[in-house]
Amino acid sequence: MKVLILACLVALAIAREQEELNVVGETVESLSSSEESITHINKKIEKFQSEEQQQTEDELQDKIHPFAQAQSLVYPFTGPIPNSLPQNILPLTQTPVVVPPFLQPEIMGVPKVKETMVPKHKEMPFPKYPVEPFTESQSLTLTDVEKLHLPLPLVQSWMHQPPQPLSPTVMFPPQSVLSLSQPKVLPVPQKAVPQRDMPIQAFLLYQEPVLGPVRGPFPILV
C-alpha cells in the first residue's frame, strides 16, 4: 500500500513538473511572441513615421517646385538674345561730321588789334575849386551856399534870414534912443570876427546858426 501511495505521489509530482514546464514553455512562447509583436509594432511605427516624413518632404518639394518654375518662366533665357534683322532693311546712312578747323594765330590776333585801336577810357581828375580869402565887400549868396555842400537844415535857416553885410565896425543906436535912454549906454559885445584871410568854409563853421530874424545890435541900459 505504501508503495502505491509513493508511486502515486511521484506520478503527481512528475505531472506537476511537466505542467510547470509546459506553463514555462507557454510563457516563454508567449513572451517571444509578445516580443515579436512588439518588434513588429515598432517596425510598423517606424515605417509610418518614415512615410509621414517622406510625405511632408514631398509636400514641401511640391510647394517649392512651382515657385522655382515661376522664376524660371520670368527669366527663361540666360544668354543674349540675337537681333535678327531682315536683309531687306538698308543700313542707316551716316551723315558726315564737319569738324571746324582750329583758329590760327592770325585770326586770333584780330581782337587784340581791335583792342589797340579802341582808346581806353581815361579818368578825368576831379577839379579843385579855388578858395579865395574872405573880404569885407564879399557877402554870402545862395549859389555860394550850394557850392559849399552844407547840410540842408543849416541852409534852410540861412535862407529865411535877410542878407546882411559883415563888417567889423560897431553900430551905435540912433540919437532918439540915446535921448530916451539913461546916460550910460554900453554897446552889445560882438562876437569875435575871424581873420580876413580865413576861407569861407572855416568862417561858416565858426559862426552859430541864428533861429530868429537877424536884427541890429541893441544897447544895454545900465
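Cβ coordinates are placed from backbone N, Cα and C, and glycine is handled just like the others.
In Swiss-Prot this protein carries:
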SIGNAL    1-15  signal peptide
MOD_RES   Thr27  phosphothreonine
MOD_RES   Ser30  phosphoserine
MOD_RES   Ser32  phosphoserine
MOD_RES   Ser33  phosphoserine
MOD_RES   Ser34  phosphoserine
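Shown on the structure are the features that Swiss-Prot records.
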residue : record           : Cβ contacts under 8 Å, 6 or more apart
Thr27   : phosphothreonine : none
Ser30   : phosphoserine    : none
Ser32   : phosphoserine    : none
Ser33   : phosphoserine    : none
Ser34   : phosphoserine    : none
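Secondary structure from DSSP puts Ser32 (phosphoserine) in a helix.
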